[in-house]
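Residues or ranges marked as transmembrane segment in TrEMBL: 6-29, 50-72, 78-99, 106-130, 142-162, 195-220. Positions annotated as domain '3-oxo-5-alpha-steroid 4-dehydrogenase C-terminal' by TrEMBL: 104-257.
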Amino acid sequence: MNKLLFAFNITEIILFGLGLICFIALFFIPAGYGKMINKKWGFSFNNKAAWFIMEVPTLITMITLMCIWASGENFVRIIIGSFFILHYSQRVLIFPFLLKGKSKMPVTVVLMGVLFNTVNAFLIGSWLFYLSPKDMYRISWLYDPRFIIGVFIFLSGMAINIDSDKYIRSLRKEGDTAHYFPHKRMYRYVSSANYFGEIIEWCGFAILSWSLAGALFAFWTAANLVPRSYAINKKYKEDFPEEFESIKPKCIFPFLF
């Protein structure tokens with residue numbers, strides 16, 4: 001356990017440092033997928049397959065760790081891990097197959113996503129089912145204010161994320177490759193409402209699990225999506241100047257940024 005805990009702590013420190021670097025770099029070099037697709041990122045392939053391949057390691061890793069380390073006596077940990085599994089079940093088993101259009105994703109982006117998702121799921125799963133103090137997640141945790149507030153924030157963020165993705169899809173017809181200006185629902189306030197929901201969601205998970213691993217994931221989510229939302233906001237302003245000026249959405253945080 002000591003060796004695993006040491007590796008766990010070192011990995012978290014490294015990921016935090018890499019997150020800071022990515023946060024800064026992505027303001028200058030947007031990740032080349034979706035609206036920011038760029039041939040410089042190399043060979044690209046089907047978007048649906050790409051999303052599935054990139055996200056499925058999270059489910060495999062978390063469920064595997066749950067099966068190895070979890071038991072009936074620590075079912076509270078299983079409940080907490082189930083929120084993580086809930087999100088990625090939607091992202092792996094539903095989201096990719098609802099995508100419209102013929103968009104592609106660079107294999108380099110997919111491989112980086114696979115690596116991060118695997119490491120991240122291992123960190124969170126290791127903490128929940130093996131490394132966390134034995135007396136941390138007792139039955140009383142289920143009515144602890146941190147858990148209750150975290151669950152509310154998590155589910156609210158997930159609802160915003162799913163609803164925003166659904167609205168974006170509704171703007172496209174099957175086989176369409178064009179991008180359109182979203183201006184309803186949360187998009188009245190921010191140009192990346194789906195990303196806003198995802199950041200809120202993982203902040204909720206960090207609170208309900210009250211873990212550094214959860215907080216690190218929330219940080220990484222923001223480090224990745226905040227710069228991307230800035231690039232998307234800028235692109236919308238350039239491609240749809242009249243529509244953009246009519247509502248002047250922020251990038252990702254309503255009324256703030």
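Positions of Cβ are set from backbone N, Cα and C atoms, glycine also.
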Within the domain '3-oxo-5-alpha-steroid 4-dehydrogenase C-terminal' (104-257), what mean pLDDT does the predicted structure show? 93
Residues of the parent chain within Cβ reach of the transmembrane segment (6-29), under 8 Å, 6 or more residues beyond its termini: 119-120, 123, 126-127, 131, 212-213, 216, 219-220, 222-224, 226-228, 230-231
